[in-house]
Structures are given as structure tokens and as C-alpha cells.
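Asks: What follows is a structure written as C-alpha cells; I'll ask about it next.
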Amino acid sequence: MKFSEQWLRGWVSPQVSRDELVARLSMAGLEVDSVTLAAGIFTGVVVGEVLSTEQHPDADKLRVCQVSNGRETFQVVCGAPNVRPGLKIPFAMIGSELPGDFKIKKAKLRGVESNGMLCSAAELQAGEGNDGLMELAADAPVGQDIRVYLGLDDASIEVDLTPNRGDCLSVAGLAREVGALYAADVTRPQIAAVSAVHDEVRPVEVLAPAACPRYLGRVIRNVDLSRPTPLWMVERLRRSDVRSIDAAVDITNYVMLELGQPLHAFDLAEINGGIRVRMAEEGEKLVLLDGQEVSLRADTLVIADHQRALAIAGVMGGEHSGVTAGTRDIFLESAFFDTISVAGKARSYGLHTDASHRYERGVDWQLAREAMERATGLLLDITGGEAGPVIEVVSEQHLPSIAPVTLRASRVEQMLGLVIENAEIERLLTGLGLTVSAEADGQWRVDVPSHRFDISLEVDLIEELARLYGYNRLPVRYPQARLAPQANAEAKGDLPELRRLLVARGYQEAITYSFIDPKWFELFSPGVKPLLLANPISNDMAAMRASLWPGLVKALQHNLNRQQDRVRMFESGLRFVGQLDGLKQEPMLAGVVCGSRLPEGWAQGRDAVDFFDVKADVEAVLGFAGALGEFTFTPGQHPALHPGQTARILRDGREVGFLGAIHPELSKNLGLDRPVFVFELVLAEVATGRLPKFHELSRFPEVRRDLALLADRDVSASAVLDVIRENAGEWLTDLRLFDVYQGKGIDPHRKSLAVGLTWQHPSRTLNDDEVNATTLAILTSLEERLNATLRK
């Protein structure tokens, strides 16, 4: 909203400077974006009158003018096409200084002396008109300083309003705010009802009362739109960033800026029959005032006559029914359109107008009659004419209703952190036009006026009090609460610690979208029905993820495309399994790895990361809560993973995750030219462990046996280790696989596994007979169950 400071001060004028006013508005939530001077800096320019003109003897386009400043007559040479006797214009006399440090001196133009300069609006930086002189009103006082006459010691102030403050999209609304801020009186213009001098009306039918609960119309005959808009109105419009068009349009724009009620004037001769406010017919055509033809949709409210649509309600009028210089009779419209019926319609047709901007944010539903009378009075004063009666159609049941709000002083103190006196609370709210009635000590009933459709709750009133009292006056008080530290279960690992663990192992945390491309969903979860969004951001973000891998792999692609060859990322987040009925949202921890095992350095090679490197990272995560022994890795199958490099992770028989290399076909489809490894774990299982139990350290020596075993190639090392554990007895303290060999000297269908076993008794020394007997039992069981034998 852009407005003239002088216009505002005509309504309410607190005794403060412009800078202070601007700062106070911003602190009250009406953020000032810019302050622009109404004209450039100049001096010595007065209202002049052209007494006579003669053709320049040596220049076809120049005229020699005699110009009066009210006391003397001066000869001035001028080339403006609109210079003529009797014209009153800005006259820069000798010694004047115009914007840009341009000083007026006596000069000769083509041999003829010129004593001054006749000015255009552009030369004074008081408008854009540079195609001729700035024409002043016929009654302009000759000799008066032009800055005083036009009120150019003014500024245009632009405020950036939040969408809920549609009530401030007018000088009246801003004046109400300023009056409340400074406890200053607001002087509204006296708007009298205009008496009808003829009885012509056009019938009005509102066929969509929910969208248009109130519609007013009036016929005004015999207007003369050739009459110019008064300069004072043109200037107020200009300083509000509105271009002057003709008297009828200027007046409707002026009233909209002044009161906040959009209006529209139709050429009465172009209305067939009466007015119908209805929904458009699908595909109905309308050529708008800007010349654009639109194909209307059935959800668009239109103003129509008995044959065709005339305007998009609350947005823009039609070209064929618009007023022109030849219009003699007009039909003036003032209506209240429901916010929902207008919201988004302008944008859907590629439009944005001052009217739609206001209707989308809400217009005072009681304002239509006052705006109608104001516009009628201005039209009759400026263009002449004869007003008819106002026809009004109202659907009371569809008009907004605002319930009273209860305000408690205790709640004000609680939310703002200070005590505001009861009288001050009443004064501040009353200044905004609210009706405040005391119900009890420290409690009020507040009736909200029709222009404040954003107030419906007690907190809304408290916000208004904070704005008016001054945010900068509110005390700084930190929240006070009794915070008792929660006891964390020792057997529970928390996510921040898991994050730190992975970061310590060289990973970086990634955060990706929960919604992914349905095509990627199919690649990683083939055969699974995705949960699709009803209104996605874009087509490639239309499915909720069933795994964290798609987002991580996409982030991996992004890094690889930017020459980042070593990538190690992890993410924690939800996966979404199933449809809305029975949807399961499960916290997961996932990672993606590719590139070298270690960062590049002189002391370490560039060996590529492999399955077992990533498995070690996963084991570190699984062991974080102290329950690594409860997890097992078994060969598994996953449609997104390499069939020979996939591990299924189990805990007590429950599947809790997967680890493996991306399937070669999937890698090819995704353009990945190197091995990529991923893992994904159910976070709840990872974070749940067991408390460690202390066992007294044995003082007796350990006994170690190393066994080289031959097993079939398809026998997993974990199966061998499980059999060993089952038969090694209770004193086994350590078991590890330290070598795997396949090749020369070994049956091509077999492999060699070297394991180390360590026993230690807590209270005595173990002898060789005991260890040998246990070793024999292990070998016997391995041969019987896995066909694994001792290598000789």
C-alpha cells in the first residue's frame, strides 16, 4: 500500500516528524518499505500564467510567450506543444534552481531573449509527463510558490502489509492505526447521502449469494467524462502509484484508496437488461479492460447482464462495458465479495489488480454503502450528472458474523510479561474501533468491528495490545520453568550420539526430502505400491519414500557430478510403508559409501572401499548400545542390491536392516560407474541395547588355538563361527576369523578359513587335555553339520 503522507495527515496528524511516523508504523507491524519524495528538490518556481504567444521568427517549433508571475510580465521562449494563452503552468524564474542543480539564467534562444522557463512535471520530478507543460487548474493563484500550491513538500510512503491486515489497504485504515498509536483524533470526511433526482434503476439478481452477499448499484445519467480530473486528485493518485485515466476511473480508484472499497463503473448503454451476479459458464469468453481475452471457468464469479459476462467479480471489468470519453450514463457498482470466491482467481488468469488484492485479503462488508455515496458525490462534483436511487441486494445469512471475544488481564500479563493498566487496555483497543465492555474486574467483552476480520481469539487482542503499547517497551524476560533432567536409560543409545559416531568414522550427515520421484521409488522398491501425494510440489516429488536410499543415492550422484570421488553420507529419517489405511512411519538410519577406503595421503593407498569396510561401520553402529552379539549377518536378497554382496541383518530372528552393494543393473540405470555400497537399519533396534555386566578379570593364563578349516565355498563364515561357539564351551573368551583363502592348493569348490580361539578359566589354569577335547568336539561338529574339515 502506497499513500501520500499529506493525505494521511488530512485524516490524522500527530505532532511528529516523518521519520518518527515511519519508524512507529514499522514497529507497529506496518513495515515501511520505502519513502519517496513527491517531487525533486527545487526552488523559485511559482504559478505562472501565459498571457500571449507568438511564433518564434527563426524556429518553427518555438513560441515567444509573455508570462505573468502576478507582479511582472516576462518574455519566455518555449517549445512545448501545449503552450497557449490563458494556460497556468509552473514558471521557473531567473535564479530558480531545478532538480539536478540546474540553475535558470537569462538566455537567448535563436536570437530571442528568454527570461525563465516553463516547466513540465518531469522537469520538476513531480510526475512522468514530459511531452508538454504541466497544466495547472484555471483557478490556480498566479505567483504562489508551486510547492505550496501542489503540496509538493510531501512523500509517498509504501508499507508492506501482511495478508491479514487488509483493513490497512486504505488511508482510512492507516489513519485509524496512526490515531490509535498516538491517541490522536481521526477526522473522516463528511459523506452525505446523495438524493436521487430520477428513478431509473437496473434490476439486480444475485444468483450466487454465498459469493456475493451484498451488491449495490446506481444509475448516474448525463456525466461529462471529457472534464479533466482535478489536479489535487491526480496528485494523490500519483503519489499512491496509481495512473490517472479519466474522471470516472480516477474517482473509483480514489475512493478505493481512501476507504478501502473497490468500485467499478460500467457504461450503462452496454448493459442489456439488468445485472446478474452469477458463476461463469465453463468456457465463457470475456475480453478484459487490458485487451486480454480469457476463457472463464465455472468456479469464477462474474458480473453479467442478461446476455453476457461484463466483468470478473472483484478482479477486472470487461472491455466492451468499460467507460470511455463518449460515455454519457454509467452504472456504478459497490459490492462485497466473499474472500474465498475471489481468492486465487486473479492469479489463475494471470492477473493482479488493486481490487483483487483487497478482496483476497478481506474488505469491510459494511463499507459498500458509504463508498457508493462518496463516489457518487465526487462524480457529480467533477463530471456533473444526475444520480438515481441506490438498489441494494443483501443476503443477511451469508454476511460474515464476528463473535465477541473475551479478554483477561491475567492472560495479557502472562503473554506479554508486564501489567498494563485496565484503563490503558480499554483506551488502546477502543482506538482501533473495538467496543470494549467490562464484564468483571480484569475481564472484558470485546466486540470486533467489521473491518477487523483478523481478530477472533483472545491472543489476537493481546497481539494488538503489544503492537500499540510498543514491542520495544515490552520487558525482556526469559522463560522460567522447572526443568528436571530426565533419566536416560543406559541401555538406550540416542540419535545424536549415533550421528557423532558415524561422523567420527568419516561420514557426513545428509538431509533429503521425504517425497521422491515415483520412478526412483520403483527402482529401489519394485512391486511395492507407493503412497502418492494428492498435491505434490512437482511430478518428481510425488511419492513418499519407503527407503532412505533413493535420497542418499541422488545426493551421491550430485557429489560425483562435482568431482567428489570419495563420498560417505548417512541420514536418519522416516520411511513410509503402506497406504493411508495402516500407514507405518518408521525411523531409519541409512548410509551410502563409494570411493577409496581412506582419504588420499602419502602414507596410505587408494584402495577402494569394499563390502567388509562398510560392514565394519555397520557393526560399530550395532555395537553402540552394547548389543552387537544379538545381531547376525546372513546372505540375503534385495531387489536393489547385488545378489552376491547382500547381507540381511537380523536380531533374534527379526529383520532389522540390509547391507550391500547397489545392483549392477540399477547402477547402470542411474549412471553410476563405480561400486556403491549402502546400508539401512531400523533405528529403534539399533538404539536398544543391554547393560554391560562386570566380570572379574581372570588372573590365569589364556590358551589359544588356531584352526585352518576347509569348507565348501557356499558355506558362510558366520555359519562356521556359530558352530564353533556352540561347541567351544563357557570359557571361550575370543573367537575371530583372521584369514580366508581360495586358490592354489585348494579344491576349487572349497575355501580355507583360519580362525583363532582363545579360552581362559576364571579360577584356574586350563590344561591341554581340556582344550584338546573341546577342539576335537568343535571339529567333529563342523564336519557333521557343515562338511568343514581341518586343513592338513
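Cβ from N, Cα, C; glycine included.
Below are the features listed in Swiss-Prot for this protein:
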BINDING   Asp454, Asp460, Glu463, Glu464  Mg(2+) binding site
DOMAIN    39-147  domain 'tRNA-binding'
DOMAIN    400-476  domain 'B5'
DOMAIN    698-791  domain 'FDX-ACB'
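Give me the structural setting of these features: burial, nearby parts and distances.
Replies: Asp460 (Mg(2+) binding site) falls within a helix when secondary structure is assigned with DSSP. Counting only residues at least six positions away in the same chain, the Cβ atoms of Val405, Asp454 sit under 8 Å from the Cβ of Asp460 (Mg(2+) binding site).
In this model, the domain 'B5' (400-476) carries an average pLDDT of 92.
Taken residue by residue, the domain 'FDX-ACB' (698-791) breaks down under DSSP into 30 helix, 32 strand, 32 coil.
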Asks: DSSP-wise, what's the residue breakdown of the domain 'B5' (400-476) into helix, strand and coil?
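Replies: Breakdown, helix to coil: 33 helix, 15 strand, 29 coil.
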Asks: List, in sequence order, the same-chain residues at least six positions removed whose CB sits under 8 Å from that of Glu464 (Mg(2+) binding site)?
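Replies: Correct list: Leu428, Leu429, Leu432, Ile455.
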Asks: Around the Mg(2+) site formed by Asp454, Asp460, Glu463, Glu464, list the extra residues of the same chain whose Cβ is within 8 Å of the site's Cβ centroid.
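Replies: Sorted by sequence, the hits are Arg452, Ile455, Leu457, Val459, Leu461, Ile462, Arg467.
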Asks: Provide the number of Cβ atoms within 10 Å of the Cβ of Glu463 (Mg(2+) binding site), excluding the reference atom itself.
Replies: 16
Asks: For the domain 'tRNA-binding' (39-147), how many residues does DSSP put in helix, in strand and in coil?
Replies: 5 helix, 47 strand, 57 coil
